[in-house]
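Student: So TrEMBL lists these for the protein:
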- 20-40: transmembrane segment (TRANSMEM)
- 52-75: transmembrane segment (TRANSMEM)
- 102-122: transmembrane segment (TRANSMEM)
- 142-160: transmembrane segment (TRANSMEM)
- 172-195: transmembrane segment (TRANSMEM)
- 201-221: transmembrane segment (TRANSMEM)
- 247-269: transmembrane segment (TRANSMEM)
- 289-312: transmembrane segment (TRANSMEM)
- 324-351: transmembrane segment (TRANSMEM)
- 363-384: transmembrane segment (TRANSMEM)
- 391-409: transmembrane segment (TRANSMEM)
- 421-443: transmembrane segment (TRANSMEM)
Amino acid sequence: METSSPLTKKSLNLLQGDIISTLTRLALPIMASALIQMAYNLVDTAWIGRLGYRSVAAVGAAGMFIWFGDGLLLLSRIGGQVYLGQNLGRGDFAAAQKTVRAALQLTAGISLTYTILQFVFTPRLVAFFHFTEASTIQQAETYLRLVGLGYFFSFTTRVYTSLVTVDGRSKISMYATIIGLLLNFVLDPLCIFTFGWGAAGAAIATVFSQAVVFICFLWATRNEKLFRKLRILTCPDFREWRKILRLGLPPALQTMLYSSIAMVLARMITEFGDAAISIQKVGSQIESLSWMTAEGFGVALTAFIAQNFGAGQWERTKQGFNKACLIMTCLGFVTTSILIGLPQYIFQIFITDPQVIPGGISYLRILGLSQFFMCLEIITAAAFAGVGQTALCSFIVVILTGARIPLAYYLIHTSLGVNGVWWAISLSSIAKGIILTVLFKIYETKLICSRQSEI
């Protein structure tokens, strides 16, 4: 076994140094990538919003299945990231490279399979939402089929992001993302308006940009020791696959169930008209200011905790989680203040229809109340993943997220109407943030006590 550290000179050492500085230096490029992605999503939503609420509703419905695909992606991403981090922490380079190979092979298989299934069953998937207008249905089907062609590129790129982050090279992700999103900024208006392709043009621009980002990652990592001579096309190591899948299955099921629950809620929302779906689409993109940033920081925290946990540095693992919570607390409060204080000014940037704006204001104010707790939920889930304990976290998240359905069903039949769905989402996020944080504090206390008793 090769025991020398596989980290390159340019890699960030996660096992030593000031914790906040280390976490911040690792997380900033990822968070910058997330913020750039968020900026693109917002601009994309604004462009599509100019086509009318039907186009926004169509893209929003298709986005539910893209979200479901994010869950499938976690099958390979979480296990690959955690086992790579633990192998690097132990200094076992051979095992680390084996993990990288298996994670990328799995990702390719998952993405291609999902693309084929989604393409074949697109009409049935869109029919689930019971849209009332033919234009919305047609645009949703076209967008979903086109955007599915980019799953291989987007899935593989995101797994690459997780793997290079564990190796302390998170800037690679930031640079590649900037290139792709700048390209998308240019292509979006051209494809949507200049060429007259509408919502389909947004999908075409997205897929082309994802392909460019994928190529950038291949180029940037071509000389990295960890990614050299991977022999991706060789016979899979099914034992390594099983290890990765075993760890990735709980969060994958969590996200897939999460998105399925969101689809059921969206079906409830369509009872209030296609415009109500457009409110959810635009509102969730605005709300992504907090959750995309938190998820970006979460990727860094998972890498930090995985390496320190693998190296047996229990106290540093604990302090890393505490410092991350402090940073996310600040983010949550800032987002809450913006969404509650400036909802009208923010929402009307994307949709100017006077029939839609009042509903958008209500959405932002109600969801704004839960932003702090949602940040805690995301960062705690990342910490659980870092120590390889994904099952309990996923179970709690699925149960509380699932509770949104009966709660929303009850509330929409009160005077709240469609706002009942927003309240169900917000209240469940508050509960998840509190419960998961308490559970992780209990877990880390027991872990440190048990390790100290062994010593």
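Every residue gets a Cβ built from N, Cα and C, even glycine.
Situate these features within the shown structure.
Tutor: Residues of the same chain lying 6 or more positions beyond the ends of the transmembrane segment (20-40) and with a Cβ under 8 Å from any Cβ of it are 12-14, 161, 165, 168, 170-171, 173-174, 177-178, 181, 184-185, 285, 288-289, 292-293, 295-297, 299-301, 303-304, 320, 323-324, 327.
Beyond the ends of the transmembrane segment (52-75), by six or more residues, the same chain brings 45, 106-107, 110-111, 114, 118, 125-126, 129, 131, 133, 135-140, 143-144, 147, 151, 155, 158-159, 198-199, 202, 244-245, 248-249, 251-260, 262-263, 266, 274-275, 277-278, 280-282, 284, 351, 353, 356 to within a C-beta distance below 8 angstroms of the stretch.
Sequence-distant contacts of the transmembrane segment (102-122) (same chain, at least 6 residues past either end, Cβ-Cβ under 8 Å): 65, 69, 72-73, 75-77, 79-81, 84, 141, 144-145, 148-149, 151-152, 154-156, 159-160, 163, 230, 232, 236-237, 240-241, 243-245.
Listed by sequence, the residues of this chain that lie at least six past the ends of the transmembrane segment (247-269) yet keep a Cβ under 8 A from its Cβ atoms are 60-61, 64-65, 67-68, 70-80, 82-83, 128-130, 276-277, 280, 381, 385, 388, 390-391, 393-395, 397-398, 401-402, 404-405, 408-409, 412, 418, 421, 424-425.
Long-range Cβ contacts of the transmembrane segment (421-443) within its own chain (Cβ-Cβ under 8 Å, at least 6 residues beyond either end) map to 265, 268-269, 321, 325, 362-363, 366-367, 369-370, 372-377, 380-381, 383-384, 387, 389, 392-393, 396-397, 400-401, 403-405, 407-408, 411-412.
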Student: Which sequence positions outside the transmembrane segment (142-160), separated from its termini by at least 6 residues, show Cβ-Cβ distances below 8 Å to it?
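Tutor: Distal contacts: 58-59, 61-62, 65-66, 69, 72-73, 76-77, 80, 103-104, 107-108, 110-112, 114-115, 118-119, 122, 125-126, 173, 176, 199-200, 202-204, 206-207, 210-211, 213-214, 217, 221.
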Student: May I ask which of the stretches 172-195, 289-312, 391-409 has the most CB pairs under 8 A with the transmembrane segment (201-221)?
Tutor: 172-195
